[in-house]
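Residues or ranges marked as domain 'Amidase' in TrEMBL: 76-550. As annotated by TrEMBL, active site, charge relay system applies to Lys132, Ser207. Taken from TrEMBL, the feature substrate binding site covers Leu181, Ser207, Ile228, Gly229, Gly230, Ser231. Marked as active site, acyl-ester intermediate by TrEMBL: Ser231.
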Amino acid sequence: MMTSDWQEKCARRKQAQLESIPKEWIIQCPPDDQLCVTNVPTQCGLLSPRELEITNTVDVEALLRKLQTAEWSSFEVTTAFYKRAIVAQQLTNCLTEIFVEKALARSKELDEILKTTGKTAGPLHGLPISLKDQFAIKGLETIMGYVAWIGRYAECDSVLVEILNECGAVPFVRTNVPQTLMWGETHNHVFGRTVNPFNRYMTPGGSTGGEGALLAMRGSPLGVGTDIGGSLRIPSAFCGLYTLRPSYERLPYCGAVNALEGQESISSVLGPMANSMSGVKIFTRAIIDSRPWNKDPLVIRKEWSEKEYRLEFHGGGKQLCFGIMRDNGVVKPHPPLHRAMVMFKDALEAAGHKVIDWEPHRHLEIYKNSETIFAADGGDDYRIQCGLSGEPLIQTMSPKEDAHESALDEPLVKTLVGKPHHRSAYELWQLHKEKRELRKSHLDHWEATVKRTGTGRPIDAIISPAVAYPAVPHGLNTDSFYTTLCNAMDYSTSVFPVTFVDSSLDKPHPPHEFYNHEDEAIHQLYDSKLFDGCPVGLQLIGRTQEEEAVIAMTEIVDEALKIYKAKTGRR
């Protein structure tokens with residue numbers, strides 16, 4: 001059988017990617033049956049002790065301090081992270097664009113600026129930053145998982161890249177995404193499948209899964225992804241990372257390519273991913289301080305607020321009250337998520353804060369409304385882009401040769417939304433009207449918690465799973481029920497790591513009265529030995545346009561958890 005044109009294009013593009021890797025950076029990879037590969041960068045011999053010290057510095061504030069004082073040059077920092085990123089690529093297939101010479105030339109320019117002027121080029125001086133394969137960089141392709149987009153070279157930088165350059169950063173790699181972007185996993189015909197470095201049998205999530213895998217391997221100090229239904233938070237939870245899903249139009253999206261272009265009821269947003277909260281805060285503040293509304297007309301004209309960061313609208317942060325959503329009434333979380341929520345409650349109460357139960361409010365209605373809006377074009381967006389090259393639309397993320405027995409024949413979303421068909425403009429307007437009503441109803445439900453907090457305020461934030469499970473086998477991430485709530489209600493939301501699956505502690509729960517067939521399938525999926533060692537994260541849900549407060553509250557939570565773990569010996 002002759003290879004079709006689209007397959008030939010994919011093969012040529014993948015070969016070109018391989019040829020862009022310096023030959024001296026190719027390592028002897030471990031066998032495929034070695035599932036956890038997070039320690040390979042320290043053992044493979046490619047990185048020097050100094051380069052390992054640099055790339056193991058997860059505190060972005062500390063990294064920037066060394067760059068700003070020239071203790072470490074941008075050239076050596078960029079080289080170190082590039083080498084580790086290439087190791088990550090060989091183990092997890094996390095990258096798309098590799099442009100070593102361009103990035104190293106940029107780093108040398110920044111070193112020269114600091115040497116000759118004595119001043120840094122900006123708040124992110126010399127820092128390598130990885131980008132999801134949506135953010136256009138002049139002269140490079142932005143393929144975004146579609147074969148038809150091979151050969152499309154950007155004529156200018158996206159606004160985010162423009163601002164990053166003005167801030168002194170070094171964009172140095174771009175990372176893999178799923179075809180269409182609208183999957184919670186990462187696989188496409190051009191670059192293939194990205195795997196989770198904690199367990200390569202598992203997915204890193206999506207659609208920002210390439211960033212998740214890269215950062216988990218510490219192949220980047222700071223990455224940027226996007227989120228329309230959980231695409232920042234799902235990979236961060238699966239890969240043990242911190243992230244921020246900001247509200248609509250707080251950060252500049254202009255010039256980035258996207259799925260469902262033109263759909264504006266539930267906007268995709270960009271946000272940082274990192275191995276520390278310092279990276280999340282530094283990125284967010286640097287971008288806002290650049291006054292992005294002067295470059296992107298949709299960005300809200302709101303400067304960074306120290307008052308909000310100091311939590312002056314939350315009692316100064318002295319005694320916060322969190323509402324914990326143990327279960328959203330749609331799917332019950334796996335045992336490790338329950339244990340993580342218990343750890344959170346114990347840690348925050350030990351730190352003097354309050355934790356009460358959050359009662360889910362119209363959760364399934366919100367999810368159905370959101371997914372129906374996304375499907376209003378009847379699938380034209382995907383079919384048109386695939387049709388340009390003749391590549392087939394990917395129908396499942398399961399490897400055909402290794403389909404898991406718990407795979408759902410029909411996820412709940414298909415039951416709720418029905419068969420794809422075009423909605424009329426009037427029908428779409430009614431969905432928008434319903435969404436506004438749901439937002440008002442959810443706001444009132446939140447405000448009513450003032451009667452139960454004992455602080456004189458409603459709860460300060462909601463704590464919940466980001467996903468009902470840790471990282472799952474490829475093809476089985478069907479759950480965005482916990483994340484889509486925040487996109488629809490436009491709540492500023494973070495994700496933070498809590499623990500790891502421990503098969504000795506996280507025993508399977510007995511069957512419960514299932515909410516629906518997907519809840520049953522998710523329950524049956526859990527296997528403590530299969531999931532052992534995978535990261536477990538939670539999300540902190542704040543109010544709309546409350547990025548500063550969400551960052552501050554997440555810092556408080558993170559510190560409380562660290563103190564709790566040190567005292568109890570739990571990990």
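Here the Cβ of each residue, glycine as well, is placed from N, Cα and C on the backbone.
Automatic, uncurated: that is what TrEMBL annotation is.
Not measured: the values here are computed from a predicted model.
Here the features listed in TrEMBL are placed on the structure.
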| residue | record | CB count, 10 Å |
| --- | --- | --- |
| Lys132 | active site, charge relay system | 27 |
| Leu181 | substrate binding site | 28 |
| Ser207 | substrate binding site | 34 |
| Ile228 | substrate binding site | 24 |
| Gly229 | substrate binding site | 24 |
| Gly230 | substrate binding site | 31 |
| Ser231 | substrate binding site | 35 |
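The separation of Lys132 (active site, charge relay system) from Ser231 (substrate binding site), Cα to Cα, is 11 Å. Lys132 (active site, charge relay system) and Ile228 (substrate binding site) are 14 Å apart (CA-CA, integer value). Rounded to a whole value, the Cα-Cα separation of Ser207 (substrate binding site) and Lys132 (active site, charge relay system) is 9 Å.
A gap of 11 Å separates the Cα atoms of Leu181 (substrate binding site) and Lys132 (active site, charge relay system).
Within 8 Å of the centroid defined by the CB atoms of Leu181, Ser207, Ile228, Gly229, Gly230, Ser231, the record's substrate site, lie the Cβ atoms of Met182, Trp183, Gly184, Gly206, Thr208, Thr226, Asp227, Leu232, Ile234, Ala259, Ser268, Ser480, excluding the listed residues themselves. Note: the Cα of Gly230 (substrate binding site) and the Cα of Lys132 (active site, charge relay system) are spaced 14 Å from each other.
On the backbone, the CA of Lys132 (active site, charge relay system) and the CA of Gly229 (substrate binding site) stand 16 Å apart. Averaged over the domain 'Amidase' (76-550), the predicted model has a pLDDT of 96.
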